[in-house]
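Written below as structure tokens is the structure these notes are about.
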Amino acid sequence: MNMKLGLQLLLIDLLVHTACGFIFGTERNLEDHKTLKVKIRNSTTSPVLAGTLNLPCHITYKTPLESTNVGRQAVLASPRVKWSFISNGKEVEILVARGHKVKISEGYRFRASLSHYSKSADDLTLVLNELRTNDSGIYRCHVQYGIEDDHDKVEVKVKGVVFLYREGVNRYAYNFFKAQEACAKIKAHIATADQLLAAYYSGYEQCDAGWIADQTVRYPIQTPREGCFGDMDGYPGVRNYGILDPDDMYDVYCYVEELNGEVFLGSTLNKFTLEEAKDYCRTLGAQIATTGQLYSAWSEGVDFCSPGWLSDGSVRYPIVTPRERCGGNLPGVKTIFQFRNQTGFPDSSSKYDVYCFRGKDF
């Protein structure tokens, strides 16, 4: 009886393995015999805020496409192309193309295009202009031809962050030339108009007028309100005071792109004064981080709910995931001010943690 049962189990096992081998072998054969293949050349890419993204996607065919008549028949016989964007598990259509027709989704109108498609239907290179922070995610190039389809995808991280910077004691303390120097001292650059606009479209809001690189003074507003109307009344957008006298006094919008190292939190039980904080970083073969470096680290995902000293005497901390008792319900680099009007850095003898920076060459 046991021998008979054993033979039955052995027979079942052989049948299962044979069936699986047939199924997987068939899948491999189907893959090998596909007549089309879609390939994105770059596996990862890191364009910059307000810049341009180029994603080369190409179709290759094992056999040439059959020629068809012109008009509707030709369109229907052409491969269907779709570019889509995936973020947080949600897929959004960027554009669809078939034949000579390209339909761009409303959210990407005037920004997205297939730059070479009109000259070569096999070249599906996607061009996306005026990049925003929220353009970071996965891009998928999908082609359907008859009963066959194929796709490829690539992850994109848009680098660069715009932030308001002000002098420690007073609001509106920089003329145009001092504003540029202030950004340089914290390892950043004064932001351009395009960078501030891209930051606005990424969700950035700041009701403080600041210099930018073209000697204009601007500020981005998502929710218009009293004191933040500027030149746009009740409409959202980037307020613009125009080109002003370089001796006028305002804050400044800075821009930072590359971290070129790592920012890390230094902490002890008794915390540090500002000078102790600088010494602590030096003992680790590092230096106290600048405000620009902390913003860059935050844009790359650094998150600490712990206020720490920075080189300019400010105390800040980076929050990517908002949570209770960590600076409110919005992500960002949080700043500890002495006064309610958001001015005044803490006294240098105050005790805090420290953010250190170690360059890549260390």
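Just so it is clear, glycine is given a Cβ too, placed from its N, Cα and C backbone atoms.
As written in TrEMBL, here are the features:
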type     : residues      : note
SIGNAL   : 1-21          : signal peptide
DOMAIN   : 52-157        : domain 'Ig-like'
DOMAIN   : 161-256       : domain 'Link'
DISULFID : Cys207-Cys228 : disulfide bond
DOMAIN   : 261-358       : domain 'Link'
DISULFID : Cys305-Cys326 : disulfide bond
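Rounded to a whole value, the Cα-Cα separation of Cys207 (disulfide bond) and Cys305 (disulfide bond) is 24 Å. Counted with DSSP, the domain 'Ig-like' (52-157) comes out as 11 helix, 54 strand, 41 coil. Taking the Cβ of Cys326 (disulfide bond) as centre and 10 Å as the limit, one finds 16 other Cβ atoms among all the protein chains shown. Cys207 (disulfide bond) counts 16 other C-beta atoms within 10 Å of its own C-beta, drawing on all protein chains shown.
Each of the disulfide-bonded residues Cys228, Cys305 was assessed for Cβ neighbours inside 10 Å, and the highest tally belongs to Cys228. Cys326 (disulfide bond) and Cys228 (disulfide bond) are 26 Å apart (CA-CA, integer value). Across the domain 'Link' (261-358), DSSP classifies residues as 19 helix, 27 strand, 52 coil. If you average pLDDT over the domain 'Ig-like' (52-157) in this model, you get 88.
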